[in-house]
C-alpha cells in the first residue's frame with residue numbers, strides 16, 4: 001500500500017564526508033572558516049574604527065603641529081596615509097559579511113588594489129624611515145643638506161608608483177571566491193593570489209614574502225648593525241626607542257607569522273604537507289595569522305604617538321583645552337619630590353591626571 005517510486009541511480013548522489021576526504025585531492029578539501037560572518041563583521045568594523053581614529057590623529061598632529069619641514073615627518077605622514085589606504089576595503093568586506101551582498105567585480109578589483117597598494121606603500125615607507133634615520137645619525141647635518149623636502153616628496157611619489165605597479169596582478173586578475181554558488185568578494189582569502197594557477201601561486205607568494213618580509217627585514221638588520229657599530233652604550237639604550245626602528249620591528253613581527261604560514265601553504269606539495277589534515281591546519285593558520293597581520297595598521301600610529309608621550313600629551317591638551325582645568329586629586333598623598341641638584345633635568349609631567357616621583 002505504500003505509494004512511492006524508486007528514483008534512478010543517476011538522479012542523485014549521497015555525499016559522505018569521510019569518503020570525500022579520503023578520495024579527494026588536497027586542492028578539493030573544503031577550506032575551514034575560522035570566523036563566522038558575524039565575527040568577520042565585528043573584526044572589520046573594530047579594526048577600521050580604531051585604525052581610522054589612530055591614523056587620522058597622526059596625520060592631524062603631523063600637519064598641524066609638527067609640520068612637514070623634515071623628511072622624517074614626511075615619511076611618517078606617508079606611512080599614515082598608506083595605513084588608511086590599507087583600511088579602506090574593510091567596511092565593504094564587513095557589509096559583505098553582514099548582508100551577503102558582494103560588490104561588483106570591478107569594485108572588488110579596486111578594493112583589492114587599494115588594499116595591496118597600501119600594504120606595499122607601508123613597506124616602502126618603513127624602509128625610507130630606516131634609511132633616513134641611519135643617514136641622519138651617520139652624516140649629521142650633511143644629511144639634511146643633501147636631502148631636501150622636495151626629495152622626500154619625490155621619494156614618496158615613487159614609493160606609491162612602485163606599490164601601485166606591484167599590486168596590478170592582484171587587482172587585474174582578481175577573481176572573487178565561490179561561496180554557496182555565488183562569487184563573493186570578502187575578507188579571508190589571500191588577495192594577492194587572484195588565480196589558482198600553480199605557477200602564478202608560486203610567483204605571487206614569493207613576491208609577497210620578499211616585499212613584505214625579506215626585503216624590509218634585510219634593511220632593518222643592516223641599519224641596526226651599522227647603528228650599533230657607531231654608538232656608545234648609552235646611545236644604544238636611546239636608539240631602541242627610536243620610532244623608525246620600533247615601528248618597523250613591530251611590523252615585521254606581525255607579518256612574519258602570516259608570511260611563514262603562507263609559504264608553507266603555497267608550497268605544501270613540495271614540503272610533504274599535501275595531506276588533508278595538514279592542508280586543513282594550514283588554511284586555518286593562514287586565517288588566524290591574517291587577522292594578526294591586519295591589525296598592524298592600528299598599532300603603527302599608536303607607537304609613533306606614544307613613543308613621544310610628552311609631545312603627544314601636549315598636543316592633546318592643545319586640542320582639548322578644558323582638560324588643562326581638571327584638578328589633580330591625589331589618592332594617597334603621593335607627591336612629586338623636587339629634583340636634586342646636579343642630577344640632570346627634572347622629569348616633566350606627561351599628564352595632568354598622573355604624576356610620578358623622580359627616583360635617582
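From the backbone N, Cα and C atoms, a Cβ is placed for every residue, glycine too.
The transmembrane segment annotation in Swiss-Prot falls on one of the ranges 1-21, 22-42, 43-63, namely 43-63. Here the transmembrane segment (74-94) lies next to the transmembrane segment (286-307) in space: the count of CB pairs under 8 Å, restricted to residues six or more apart, reaches at least 3. Nonlocal intrachain contacts for the transmembrane segment (43-63), taken as residues 6+ away from its ends with a CB within less than 8 angstroms of a stretch CB, comprise 35, 73, 76-77, 80-81, 83-84, 87, 90-91, 93-94, 97, 187, 291, 294-295, 297-298, 300-302, 304-305, 312, 315. In this structure, 105 is the one among the recorded positions 105, 108 with the smallest number of other Cβ atoms inside 10 Å of its Cβ. Among the listed stretches 110-130, 244-264, 286-307, the one sharing the most Cβ pairs under 8 Å with the transmembrane segment (203-223) is 244-264. Long-range Cβ contacts of the transmembrane segment (110-130) within its own chain (Cβ-Cβ under 8 Å, at least 6 residues beyond either end) map to 71-72, 75-76, 78-79, 81-89, 92-93, 103, 152, 155-156, 159-160, 162-164, 166-168, 170-171, 174, 185, 191-192, 194, 211-212, 215-216, 219-220, 223, 243-245, 247-248, 251, 297, 300. The average pLDDT computed over the topological domain 'Cytoplasmic' (308-360) stands at 51.
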